[in-house]
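The compositional bias 'Low complexity' annotation in TrEMBL covers 1-16. Look at TrEMBL and you will find 1-23, 468-493 tagged as region 'Disordered'. Residues annotated as domain 'BTB' in TrEMBL: 31-131. The annotation transmembrane segment is assigned in TrEMBL to 196-214, 350-371, 383-402, 409-434.
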Amino acid sequence: QPTHTTPTTPAHAASPCPTPPAARPVMDAENRVVLNVGGIRHETYKATLKKIPATRLSRLTENLANYDPILNEYFFDRHPGVFAQVLNYYRTGKLHYPTDVCGPLFEEELEYWGLDSNQVEPCCWMTYTAHRDTQETLAVLDRLDLDTDKPSEEELARKFGFEDDYLSGNLSWWQKTKPKLWSLFDEPYSSQAAKVIGVISVFFICVSILSFCLKTHPDMRVPVIENVTVTTPENTTAWTLDKKATNAHEAFFYIECVCNTWFTFEILIRLIASPNKFEFLKASVNMIDFIATLSFYVDIILQKFASHVENADILEFFSIIRIMRLFKLTRHSSGLKILIQTFRASAKELTLLVFFLVLGIVIFASLVYYAERIQANPHNDFNSIPLGLWWALVTMTTVGYGDMAPKTYVGMFVGALCALAGVLTIALPVPVIVSNFAMYYSHTQARAKLPKKRRRVLPVEHVRAGPVIPPPKRGGGPNAVRGPGPKMGKLVQ
């Protein structure tokens, strides 16, 4: 068999001595850093953490209290799931939002690590900012005061501005009575007595509205008869009875007197016992209550002193403000509060809806006016554009009274376009309003099911940082320590 020989290389021609294999990992280990976040270890390069300066991770040194020299790692007692996205931001320069955490928690973690929350990628921005809309909704519900729990005495004292007297125990008789009166007449669910007062108030509101409506029925009115002198064909004078007018039955007056007596008593008590007189008078429901109650007394004065004035019946039109007392039921129904708040929150959508309707009404009123004049049309209902505005309004809103209708083919085509445009114009903003109502209602139902008393979380007590103890030497000497060395105290950064 042939033999193979390996040529020998002269010593002077040998290549330079390569770096020992053990040297490369040692140099690479010096450039790496271990981060223990919430029990999960992450390993990365120090240069990676230097990519975003002026942040917590870019200023890591071994002198920090949360550095463990035994394990050669930094410990942070923070959320490990969020930190994965934070470390990925250092690696790739793109900050994504984890969908398994709440928005405020993500913001707190970013603030801790010294990062800007506005650097979230556009693909995650809508999901990330959804919690801000939720927080705004919860703030609105807090202002609506939908909670039915009875506040504590300290909260009442803080609300009425005599917290110092309550803490010192120097409350006067009026200071003790005023919150009770306010809760009795303004918070229907605060006690059984308040519920009774609320039922009485609702009863008088319903009776007042019912009386206001029934007294206009012909069967509920009494004719006003007067004697009239007439001249007969024989040139003699005779007396006859003539119906001059009709008035509401006298019983309705007494019913309104009783109801308005209660309304006057109620609003005076609430005004006297209110925590803030200016805020009380500024509330829209209270303003309606004031005006409606005042209109009753003004109506009595006008009937007594101005009944002989011509067209005095027009003044009774202003008594329609009493029908607005129905808004007082918002104090007893959370659903009405949510409905009113829905219209407030949807003001932009409602304004947009009205703008589109007005734009379409003007356009189609002008089109149908000229379309009806193209052909011979002896029964033309559109003699002017202002008349066409009424037709366009009832057509776009799909009411269609039928009092005006196009007769020509061109006018019918314009009418078809007007009806289709009205359906689309009204249908587009309505889902936004419905979603606002569903959002407020769902949050209200969720708040009602939450426990009112939460468990207190004690604050974290930081461990005092002691002197840095170097790791003990290991070996066979008399002072050698067997087993794991002592760990230094950690201080949460």
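Each Cβ is built from the backbone N, Cα and C atoms, and glycine gets one as well.
Same-chain residues lying 6+ beyond the ends of the transmembrane segment (350-371) with a Cβ under 8 Å from its Cβ atoms: 343, 382, 384-386, 388-389, 391-393, 395-397, 406, 408, 410-411, 413-415, 417-418, 421-422, 425-426, 429-430, 433. DSSP assignment over the domain 'BTB' (31-131) gives 43 helix, 20 strand, 38 coil. When pLDDT values are averaged over the domain 'BTB' (31-131), the model yields 89.
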